[in-house]
Amino acid sequence: MNRIDFRKAKRVVVKIGSSLLTNGGQGLNKQAIAGWVAQMAALRRQGKDVVLVSSGSVAEGMCRLKLRARPETLHELQAAASVGQMGLVRNFENNFRQHGLLTAQVLLTHDDLSDRKRYLNARSTLLTLLDFAVVPVINENDAVATDEIRFGDNDTLGALVANLVEADLLIILTDQTGLYDSDPSVNPRAGLISSADVNDPLLDRVAGGSRSGLGRGGMYTKVRAARLAARSGAATVIVSGQLDDVISEVVEGVELGTFLVPNIAPLAARKRWLAGQLQSKGCLHLDDGAVYSLKNDGKSLLAVGVKSVEGRFRRGDLVTCLDSQGVELARGLVNYGSEEVAKIAGKSSSEFEFLLGYSDEQELIHRDNLVLLR
Ligand SMILES: Nc1ncnc2c1ncn2[C@@H]1O[C@H](COP(=O)(O)OP(=O)(O)O)[C@@H](O)[C@H]1O
Ligand SMILES: N[C@@H](CCC(=O)OP(=O)(O)O)C(=O)O
């Protein structure tokens with residue numbers, strides 16, 4: 001895929017980070033918002049669907065509540081987010097209206113997307129909004145999100161939304177020109193990476209966290225988001241939101257920021273949903289034979305290939321499969337709980353009856369419920 005292919009994109013997700021949106025925490029950058037909205041409206045006029053994932057509720061809430069530092073307690077964070085979200089949607093709605101476009105506020109938690117039924121509901125709602133030519137403005141539902149049910153950062157949310165609506169392009173607007181070979185706010189000699197294969201392991205070494213106190217994930221979550229987005233075939237560009245006409249130019253194929261090329265085969269819809277699950281309940285350590293047959297033969301995972309188990313989980317929970325180096329190879333929905341798995345690990349399915357007193361499925365994770373990550 002080339003940048004020039006972005007011109008053909010039918011559906012674009014734009015994610016805007018907190019420090020950009022709030023002028024480094026000074027309050028909503030109304031001029032910049034008007035500029036981004038004008039560019040998104042132009043995309044709509046070209047017949048492209050646009051979905052906006054906007055951060056900034058906490059940062060704007062802090063500003064409105066005159067809090068100098070990001071609150072530490074969950075309830076204060078939730079309160080700040082609720083106050084700030086009002087400012088975000090009001091601004092976006094007013095700006096889009098000036099271009100004759102309707103907006104819709106969609107607030108999601110990870111819990112909404114980890115439940116298959118709610119995931120499909122969210123998908124239908126978003127697709128229906130796009131059919132109505134509405135621009136969805138999405139954020140995490142911070143007012144109710146606790147650690148167990150949150151995405152934690154909007155880069156991940158942006159990627160999961162790109163998966164949900166099967167976007168062609170995810171544009172992550174941030175406060176840096178793009179991804180550098182080290183954090184430019186620490187190393188002035190850092191060099192911009194203009195493009196890279198999304199799975200290049202070098203990216204893990206160069207992408208650091210956020211230092212602003214306003215943003216959450218830094219480049220680390222942006223690279224992870226690009227990998228998630230790639231699972232439905234979406235390309236990702238990480239780019240400065242401060243450049244004039246940045247959204248229009250990226251979609252035109254102008255070489256700006258960092259293009260993370262989705263050089264992986266897109267996953268089927270159900271596997272994409274599995275891959276987007278963030279909360280794994282346990283780990284299975286696989287032997288080399290199991291790693292080989294999952295990777296090369298597309299087989300289900302059998303208990304005989306499991307060396308050991310970690311965590312407490314129940315039948316149907318999501319677990320992570322690790323290779324002998326401890327690298328995450330796959331994840332999937334397990335057919336037996338952790339106590340049972342501890343008993344049948346390394347054993348053939350013909351022994352399940354004897355070891356457990358019963359025998360359900362022969363596979364520990366059926367291949368339909370398993371997604372390879374490498
Ligand atoms: N390799 C890198 N290249 C560029 N920025 C980096 C890198 N590693 C870490 N960062 C940090 O990531 C920050 C952007 O992420 P974040 O603060 O979460 O912004 P946003 O609010 O846009 O999501 C940059 O300001 C920078 O300090
Ligand atoms: N939902 C939070 C998102 C925080 C967040 O991810 O921020 P960022 O790293 O700036 O995208 C908010 O609106 O403040």
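Each position is counted from 1, following the chain as shown.
Heads up, the Cβ atoms here are built off N, Cα and C, so glycines get one too.
Around Thr174 (ATP binding site), taking its Cβ as the centre, 27 other Cβ atoms fall within 10 Å, counting all chains. Taken from TrEMBL, the feature ATP binding site covers Lys15, Thr174, Asp175.
Residues or ranges marked as substrate binding site by TrEMBL: Ser55, Asp142, Asn154. Within the same chain, residues at least 6 positions away in sequence whose Cβ sits under 8 Å from that of Asn154 (substrate binding site) are Lys15, Gly17, Val53, Ser54, Ser55, Asn139, Glu140, Arg216. For the recorded site, Asn154 (substrate binding site), the DSSP three-state label reads helix.
The domain 'PUA' feature in TrEMBL is assigned to 282-365.
The helix, strand and coil residue counts that DSSP assigns across the domain 'PUA' (282-365) are 28 helix, 24 strand, 32 coil.
Listed in sequence order, the binding-site residues among Lys15, Ser55, Asp142, Asn154, Thr174, Asp175 whose CB lies under 6 angstroms from an atom of ligand 2 come out as Ser55, Asp142, Asn154. For the pair Asp142 (substrate binding site) and Thr174 (ATP binding site), the C-alpha distance works out to 20 angstrom. Checking the binding-site residues Lys15, Asp142, Asn154, Thr174, Asp175 against ligand 1, the ones with a C-beta less than 6 Å from an atom of that molecule are Thr174, Asp175. Looking only at the domain 'PUA' (282-365), the predicted model's pLDDT averages out at 95. DSSP assigns Lys15 (ATP binding site) to a strand in the three-state reduction.
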